[in-house]
Amino acid sequence: MRQPLLKLAAVTRRFPAGDKDVVVLNNVNLSIGAGEIVAIVGASGSGKSTLMNILGCLDHPSEGTYTVGGRDTHMLDSDELAQLRREHFGFVFQRYHLLPHVDAVANLEMPAIYAGTPRADRHARARELLARLGLADRAHHRPGQLSGGQQQRVSIARALMNGGQVILADEPTGALDTKSGQDVIRILHELNALGHTIVIVTHDKAVARHARRIIEISDGEIVADRPNRHYAEAFAEVGVGAAATTETAADTRSAPASGDAPPPANNDTAADPAPRARRFAAGTGRFAEACRMAWIALVSHRLRTLLTMLGIIIGITSVVSIVAVGEGAKRYMLEEIGSIGTNTISLYPGSDWGDSRADTIQTLVPADVAALAEQPYVDSATPETSRTLLLRYRNVDVHALVSGVGDSYFQTRGMRFALGVPFDDDAVRRQAQVAVIDQNTRRKLFGATRNPVGEAILVDNVPCVVIGVTADKKSAFGSVKSLNVWVPYTTASGRLFGQRYLDSITVRVRDGQPSAAAEKSLEKLMIQRHGRKDFFTYNMDSVVKTVEKTGQSLTLLLSLIAVISLVVGGIGVMNIMLVSVTERTREIGIRMAVGARQSDILQQFLVEAVLVCLLGGTIGIALSFGLGALFSVFVAQWKMVFSAGAIVTAFVCSTLTGVIFGFMPARNASRLDPIDALARD
């Protein structure tokens, strides 16, 4: 004797109601064979819908066992139950349960998506089913554009999408007019004639008489289970004939043979590359569908989506802009430091800044400069000595800082010339009476427009010819107001100051040489020359590192403030997603009923949250570039610098925000009970 396809043994179903449990099904024993057409009849509250939910693996018994093709459903996990619903059951609901925001084809494709059917195959299958059920011209109509009878036919077509070995019809004619109801009953008869097992749940005995077997249920117990003596008459009434059956045959694609049982899940295909490839393709298809449905959901609620993204937009704009401002400021500061001489080491007499004995130390001499310049790690070395002296040109007298320097001083300091040229080594050797002045000195002595090159000025009563004028330097540290004059250090020592020692020596380290190692080497050399350490060094590299570290700290601080905005935006995403889950509870139930796994639902809502954040992140980055363009218009000195790393970080942050703040709503959605979800309005 062939085992029944569906079998309930001593099944009891209880639901908690306050401090007590309400028994909805009590010790139900029922067997349904493959290929039967059965009607379960009962009044409202009799337990017939709960029985159908258990038969369709949407619910589970509190006690007893339910087997499908010999497989005990109690031993199956949620994914295996979803597989049963997806591959062997088809549901026809009284309220149709179609997704309102997609067309008929998309509603039909849903079970096939979760079954991993390729897009082209499932699309062709959906259009074929609609054509067989007389809805070819309604394929791209949404449910709201269809009549009740048409919606129910779409529901039947969806039940057949994956084969539909067992069709569970819950009050299939309850919301239809008489003509549409007869059409639905006729279709169910045709499907049964092709080998589908049909279970009709109804309170209407006129509908029940279309089944070969009628099962009556009352107060959770089966009170009658008898064959229907009027089945032949009912069969003839709806006009089901051989022609109709043949016409529908191609539609169902040979439903499983009446004796076939659902095959057990196969977990031993991991080593076989073909199933692995199919699983990968199916997973990719489900992910693509999740992205498509997420986009449809976002577009369907444009204003809410925009408001949800607003926090992410502000957060990403803040993060990217602050990083760009910080990077631009750092580069500008380093350029400014470079203008006063980067990769340089200066030597001063004494032990440190403010040493009271520094004025009495006279050991820094021109010979030290020559010795340092010969070192392999040194690019150039220049001496420096300075005094404040009186300058005179015609009837104009001013005080200026007069510095005696070497010919490489201007290169070492990164100074540029507006007029004329610097003095050379020959001028230093000859103690030439030549001078280079800055723009402040030019304006004081000659005015802003007159060319001073070739003019003679008195420097503390020593005549000097102006041979060059340095260019103005706009500095982040403020513009320099002092007057500066540079003469050869030999001229300063022999003709102006009357001193043979130097105030300082500046060494420029060769490119590629480590500044710290060079500093140690020159200290060692100078100690050997002087016999003791009567000097200290000042390495500009330490200033650069300090500026970089300060810039990084400031950028980090401001970025943390911006991240707070991003977190607030993420909380907004989570709130809206929780609302979305509540609003779309029935959709979740529909997806679970047609075979969606918990992971599919989790993926659906997680993708939606990530998509919101990615869109917000993209808009935020675009706004940052717009702010950068405006910034360059109003701030001429320096620009915001956008790096690829900052942009990638922004996308990563927006994605992580979607994952982190979208996970809880998505998890809540995946954990919904299918029955509770379907019952929500």
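Note that Cβ sites are derived from N, Cα and C of the backbone, with glycine treated the same way.
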Range among 43-71, 246-274 that Swiss-Prot annotates as region 'Disordered': 246-274
Cβ atoms near Gly42 (ATP binding site) (within 10 Å, other residues, all chains): 23
Cβ neighbour count (within 10 Å, all chains shown) around Lys48 (ATP binding site): 25
Binding-site residues compared (Ser44, Ser46, Ser49) - the one with the fewest other Cβ atoms within 10 Å: Ser44
Gly45, Gly47 as binding-site residues, winner by CB count within 10 A: Gly47
For Ala43 (ATP binding site), nearby residues of its own chain (Cβ under 8 Å, 6 or more apart in sequence): His203, Ser218
